[in-house]
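Trainee: Take a look at what TrEMBL says about it:
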TRANSMEM  196-215  transmembrane segment
TRANSMEM  222-242  transmembrane segment
TRANSMEM  257-277  transmembrane segment
TRANSMEM  289-309  transmembrane segment
TRANSMEM  315-335  transmembrane segment
TRANSMEM  342-364  transmembrane segment
DOMAIN    445-637  domain 'Histidine kinase'
């Protein structure tokens with residue numbers, strides 16, 4: 001019995017050791033991979049969850065998660081897949097110990113997660129305590145905000161384990177953090193103020209562009225304003241502020257907006273760059289056809305996003321770096337051609353590219369979540385918008401200066417051409433003046449010689465008439481001599497003036513009338529002569545036949561009209577009346593009008609008829625208190641004279 005007692009006593013330590021080793025093995029098989037608890041002991045700061053969490057990739061239902069408890073492994077961002085659908089589901093397990101007097105909150109930034117479900121693990125069971133993401137309705141969430149905020153039912157001094165179920169990741173990170181109430185309030189106010197200020201700057205730039213477009217009608221301002229407006233909407237969606245304003249938007253519409261808005265932003269960015277860089281006039285085929293290819297490809301992606309084909313629409317994320325590289329290539333090539341505004345375009349375009357490169361470190365898990373990382377794109381967008389505004393203003397100023405310089409250069413060339421042409425015209429004017437002076441001298445000499453020749457002919461007729469005894473022959477010679485004097489008087493006037501083809505008709509008629517008054521023995525004191533003319537000059541081709549007609553009419557008047565008249569009156573009018581109207585009237589006894597209407601007759605009557613037809617005019621004769629002769633030459637005939 002003692003031996004047996006000793007034997008049993010020796011077995012007890014061995015059994016205890018086996019029990020201890022078995023418990024260690026059971027702990028390793030069940031909760032051996034559990035991360036260190038997240039101890040909340042400072043109410044003034046936040047605590048990231050990622051460094052104190054385990055993860056499991058599984059779409060298992062919450063009720064079955066206990067069966068997979070041992071499958072959890074420490075959080076590794078390499079295990080997170082960036083996807084566009086909700087097929088990849090991730091569980092995150094973390095333990096929180098509250099050593100403050102504050103209420104605790106789990107805060108998850110809005111980053112396009114489809115669902116964010118928070119559970120409490122207690123006694124081998126899960127209890128749902130919060131919802132977030134884009135699929136749950138507003139009423140299901142703790143509070144509508146730009147971030148998902150879920151209250152942890154953890155009193156001071158307690159420690160509990162929580163499970164976070166999430167799907168549709170667009171970043172290889174776990175941005176969830178635990179906030180004591182005081183820290184949440186203190187951080188939210190400046191954060192919201194700064195984000196609101198950054199959005200306000202961006203929207204102010206948009207409004208400025210649209211107002212400037214209304215004033216200037218410059219298309220670049222309109223395109224930039226539209227691009228920045230849609231870009232602001234994209235940032236509002238990515239930052240969660242869009243859902244804060246429109247919390248009850250349906251998930252299917254939300255899903256389409258999430259993929260469509262960035263593509264629309266890219267298309268408007270292409271359109272702005274197309275007109276700003278004047279792609280249409282570029283000769284580089286890579287630039288021209290590259291723009292068309294990218295624009296067409298993004299249109300296809302937009303159609304896929306609108307129709308709900310998320311896997312196709314998400315290709316824009318893979319194409320964006322290629323598009324950015326192409327835009328940098330385009331801006332560089334155009335700048336090297338001498339386009340100065342292209343440099344500012346490159347600077348403005350590089351700002352968000354650098355921000356995106358920096359954020360890529362965060363997206364792919366190299367950098368952890370922080371408010372600075374989260375708002376980096378918004379801050380770079382403000383700089384991007386302001387620099388583009390400066391680029392447009394500089395472009396317009398540059399093109400305006402170049403246009404003014406071109407205009408000045410063209411004015412200088414034009415002035416030089418005008419000066420050269422003016423000099424040529426001055427030389428031509430001098431040459432023409434010399435030729436004109438020579439022509440005038442020649443014509444004066446010609447008129448002088450014609451006048452002398454007519455005077456010689458008149459003298460010969462006078463000498464010849466002295467040898468005649470027949471009165472009728474003498475009168476015929478004298479009448480012929482008088483007609484020659486009428487033509488000679490015209491050439492004499494032309495010789496005395498600088499005119500070579502027109503005469504002063506007023507002076508001519510006065511001299512002709514005065515000559516006939518004296519020739520037929522009348523004196524100007526005993527003779528009433530009334531003369532009016534609307535014409536100053538007449539062409540010689542018209543003046544000669546009118547002078548001959550007037551000579552015949554005045555000769556007849558002096559011969560026959562004033563024999564028994566005490567106070568002779570002669571009226572001559574030359575008026576502009578649908579052409580030219582010559583009117584000659586005396587106060588004699590009148591003539592036999594019917595005799596004038598018959599064909600044949602004296603030489604003077606035939607001469608008047610012939611000369612009237614030569615001028616293209618028609619004449620009438622009236623006999624009423626004297627004889628009145630009217631000759632009308634139409635305007636068309638005057639233009640031909």
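Going from the start of the chain as shown, residues are counted 1 onward.
Backbone N, Cα and C atoms are what each Cβ position is placed from, and that goes for glycine too.
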Trainee: Same chain, outside the transmembrane segment (342-364) by at least 6, Cβ under 8 Å from its Cβ: which residues?
Mentor: 77, 82, 170-173, 273, 276-277, 320, 324, 327-328, 331-332, 334-335, 373, 376-377, 379-381, 383-384, 387-388, 390-391, 394-395
Trainee: Who are the chain neighbours of the transmembrane segment (222-242) in space, where the CB to CB distance is under 8 Å and they lie at least 6 residues beyond its ends?
Mentor: 109-112, 145-147, 195, 199, 202-203, 205-207, 209-210, 213, 257-258, 261-262, 264-265, 268-269, 271-272, 275-276, 374-375, 377-378, 381, 385, 388-389, 392
Trainee: How about long-range neighbours of the transmembrane segment (289-309): same chain, 6 or more residues beyond its ends, C-beta under 8 Å?
Mentor: 252, 255-256, 259-260, 263-264, 266-267, 270, 274, 279, 315-316, 319, 323, 326, 330
